[in-house]
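Peer 1: Please read through the structure below; I'll follow up with questions.
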Amino acid sequence: MCGWNVLVQLIQAMLLCSTSCVVGTFWYNDATGYGPIFEEEPLDIVYTKESPDRLISMNCRARANPAPTYRWRRDNWEIKLMELPNEHYSLVGGNLIINNPEEKKHAGTYVCVAKNVYGTVISKEAKVKFGYLEEFPDEERDPVTVKEGQGAVLLCAPPKRWPTEVTFRWIYNEFPVFLHPDKRRFVSQSTGNLYISKVEASDAGNYSCYVFNPQIGKGVYSKFIPLISTEEKKRYKADLVVKFPDTTAMLNYNVTLECFALGNPAPHIVWRKIGATDLPASAQVSMSGALLHLYNVQYEDSAGYECEAINQKWQDWHQAWLYVEAAPEWAVTINNTQKDVGSEHTMSCVANGKPGPYIRWLKDGYSYGKGELKFSSLTFEDSGMYQCIAENYWGIIYASAELRVIACAPTFELNPVKKYLLGANNGRVVIECKPRAAPRPRFTWTKGKEVLFNNSRISIMFDGSLEILNATRNDEGVYTCLAENDRGKANSTGTLTITEATQITVAPEDTQVMVGEEVHLQCQASFDPSLDITFIWSLDFRVIDFYLEWKHYERIMDSGELKIMNVQLRHEGRYTCTAQTVVDNVTASADLKIKGLPAPPGGVRVEEIRDTSVKLVWNRGADHGSPILGYTIQTRDFYALTEVDWRDASTSPTALDRMSVMADVVDLYPWMEYEFRVYATNEFGDGEASIPSMKIKTWDAVPVVAPTNVGGYGGKDGELIITWTPVQPQYFYGKKFGYVVAFKPHDDVDWWYETISDPETRRYVHRDASFRVKSNDFQVREFQVKVKTFNSKGDGPYSLSTTIYYPRDVPSESPTDVYSRPVSSHEALVWWIPVMDTGTGLQQYIDGYQVKYWRKYDDTEPGANRIFVPASMNQTRLENMLPDSHYLIEVRAYNGAGVGPPSEHCEMFTKRAPPSVAPQMWRYISYSGKWLYVMFRKTGYITGPIYMTGWHFIDFPMPQVGDYELEVRGHVWVDCGRFDRNNSHINFVHLLKDVQSFLNLLLSVCLPSTKQSTVSPYRMTCLAVESTNVTLL
């Protein structure tokens, strides 16, 4: 009976609606109906008993037509939401609400199920867990007793919790005084323990471990742990006590590695990636070296990592591996598919991940196999919603799609045969026949009343289309396609007309031009007069866009001619003209060769790497019609300032001829990252450079450069400060670069040595009470100092030895006879008599002089400007002063112990501000006189004779015939007898041969008045003039 009912439904539906198809035992309209698609899926939830809402809400929403119904499952058991009333569960739309949740009843894994007539899908799994953080035990903690200088470890012993991801902090003596980690103190976020590399007296106190769970918003703290320090200062070797284990990180996530050491002095921690010269680009070191952060981890970051703790007593190191794995990610997924009943079908999906994901399938919410799904003969029962699931240790992903198995009688309502068809004479004609039908119908074609069969010219294609080869006028007529399957039949008709074929009559020709020239490519065609024709041009199969490329390409109207303007090298290639009508098209091509700069070489690569050289190989590029004269190699190192900071490299051989395809690049820095590029040269100039090679790093070597400007001074309480200019990074020549500082008292034989592992350090301070000046040292004590470099390959050379001095006290004398004079309204010069020798024969205990200056009535002395001058100088220039101001100047001698007594104050006035308007020259006249301040120089020269006058005209000897520049300067006289000035515009003068032996000029000069104004410091006086005997250009 069931089969009979299905048959009746099929017959009724075919009679009622020819555009609908059957899926299983129901009919559908494919324009509106579809299965469920999730728009919102439930997420993992951590619930706490302290939650004020006392409920859990899990969201679920799907899009479908007709609208879906929702059900929920917990731990693969369906929750009876409709059948039985439940005081805890309720359904709002598709959302599941859990009221007054209880851990035993409601913790677990939930999925949402959405269903309509087309099928069923289930959501991603969402876990409900109950978060908690237990209290610390009430037992008192035992005190920790250590000696000063030793390391200490305070154990946190955190309580049970969920989630396990918490943050640890330590309270010092009282809440909320939290301990701030630094180079000596470190809090492990793995164990919560507090580590102190070397205990100092100030560390004594009470400590409490504070644990905070951010997901549940709760924190607890332990009983206080007393830390007791005893007095004993010793040095202890570096000892790593926090060592990161082998770690597995997830791709594109962040990971942090911990490493911390005890020791006195506090150890310095250095991180390395095993087998690489540098840490990954995303790496960042923090907490004084204790933490290595790797951000956005990639597969290439998977490697061994090493942390090394270094102090003056010992070196300790630890190695472990970082593994990078990934959650599943779709590479090939599934899509909605509609297939004919009885046809074959395969469904597959591919996911990437590490470890490799496991693939399984669901159909309408239930397990349906694994791997690849294959259907040899689809039935209606195969219709439904399919889900492909990929999962591994790191996650699970879902892909959903609907499979519809349909059966339809043929119909042309949506895609009939074209009513009017055109074909070209002697061309190929295809008449499409694509009805909607399932299963695939049988096709029959007729021309008029004649049934067509396959022959040498006419054939019926697999998809039902009719193909006619070498069509002629005899093929014109009415064609009908008949489609028939076991559910019905249908036909559609069209009329075929044959037109004249399109032919190229004038084809483009191969052409060779120079860069910058203009070229015309011809293209003409004959075509059927009843049709329209268009010409399409393409370059190397890329259609030319005349709208975007109008600067170089233009299509001549009413013809197919192409004009190329200002030809460039990129325009070289094969040009194809396509003459196209609605019926057919025909093409013709020509090659355009362009002579110009050579093309860039290709395949630039490094084949051999050494410490100061590499072997570079490349492939020759096109010469663009002019023989290549040679090649040039350029380099860019890691410290290049910009992306275009390329420099010509030294090579062996020095000159690279046109046949060169390899060379040694020499004189490189060891242990430096480089990339290389090559360009060719021909008679037109240098061509475009190649794409840069892959970055490489040269091998390391022993450093050869010593620090410069080694010096220093003695400080207070036995401090000896040694300074130097650090070596530039390109001279490190290897990893683990640092400095060895050597020093000794002048009369001692043995040197003291200190190792500095930071390559950017520029000073070292040594404290030793024995370095203080003794009574028999009189005023100063001499020390010899020198500094050398080292790296992992060995030691470099020492710098030259330098003598530095440790003074007994600050300078006792002050400079005398301090004088000054203004230079301009903003600057002044000051000089003094230096501090005299006190009888030791050593003046170097004066390191230099401090010069202070400030306005007497407007500034305070603490805010004065300061300039420091070496002891070898007794004068300096004061800058950034204010015009027309009263200044006080003071000079003091200083050394490492401090600043000596001040000199007597020197008072001075800065000059007034210069005129704001320059002198103006209007015209020249013939006149006699003796005064004006004029510079007259020949054009192209910097200097020339200068003449002065107090009047607005001047008379001076006649220069040679030629072009000259004339400049006038105005002056303001001040009380001290000195002046400021401003320049006029430069005027150009052409002297004629027939002028007199003296040049007589009257100038219009705007000069400032010496009287003060409330608006401006000066008033300007302007004088008008006439000119003769001089031609002004």
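Cβ coordinates are placed from backbone N, Cα and C, and glycine is handled just like the others.
Keep in mind that this is a model prediction, so the values were computed, not measured.
Dumping what TrEMBL says about this protein:
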type: DOMAIN; residues: 36-129; note: domain 'Ig-like'
type: DOMAIN; residues: 137-226; note: domain 'Ig-like'
type: DOMAIN; residues: 238-311; note: domain 'Ig-like'
type: DOMAIN; residues: 328-404; note: domain 'Ig-like'
type: DOMAIN; residues: 410-497; note: domain 'Ig-like'
type: DOMAIN; residues: 502-593; note: domain 'Ig-like'
type: DOMAIN; residues: 600-701; note: domain 'Fibronectin type-III'
type: DOMAIN; residues: 706-809; note: domain 'Fibronectin type-III'
type: DOMAIN; residues: 814-916; note: domain 'Fibronectin type-III'
type: SIGNAL; residues: 1-24; note: signal peptide
Peer 1: Between the stretches 36-129, 137-226, 328-404, 706-809, 814-916, which wins on the count of C-beta pairs under 8 angstroms to the domain 'Ig-like' (410-497)?
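Peer 2: When the Cβ pairs under 8 Å are tallied, 328-404 comes out ahead.
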Peer 1: Counting each residue once, how many in the domain 'Ig-like' (502-593) are helix, strand and coil under DSSP?
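Peer 2: Counting residues by DSSP class gives 3 helix, 45 strand, 44 coil.
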Peer 1: Can we call the domain 'Ig-like' (502-593) and the domain 'Fibronectin type-III' (600-701) in contact, meaning three or more C-beta pairs below 8 angstroms at a sequence separation of 6+?
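Peer 2: Stretch pair touches.
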Peer 1: Let's see if you can do this one: DSSP helix, strand and coil counts over the domain 'Ig-like' (238-311), in that order.
Peer 2: 6 helix, 42 strand, 26 coil
Peer 1: Note the mean pLDDT of the domain 'Ig-like' (36-129), expressed as a whole number.
Peer 2: 89
Peer 1: For the domain 'Ig-like' (137-226), give the DSSP counts of helix residues, strand residues and coil residues.
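Peer 2: For that range the per-state counts are 3 helix, 37 strand, 50 coil.
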Peer 1: In the domain 'Fibronectin type-III' (600-701), how many residues does DSSP assign to helix, to strand and to coil?
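Peer 2: Its residues fall into 0 helix, 47 strand, 55 coil.
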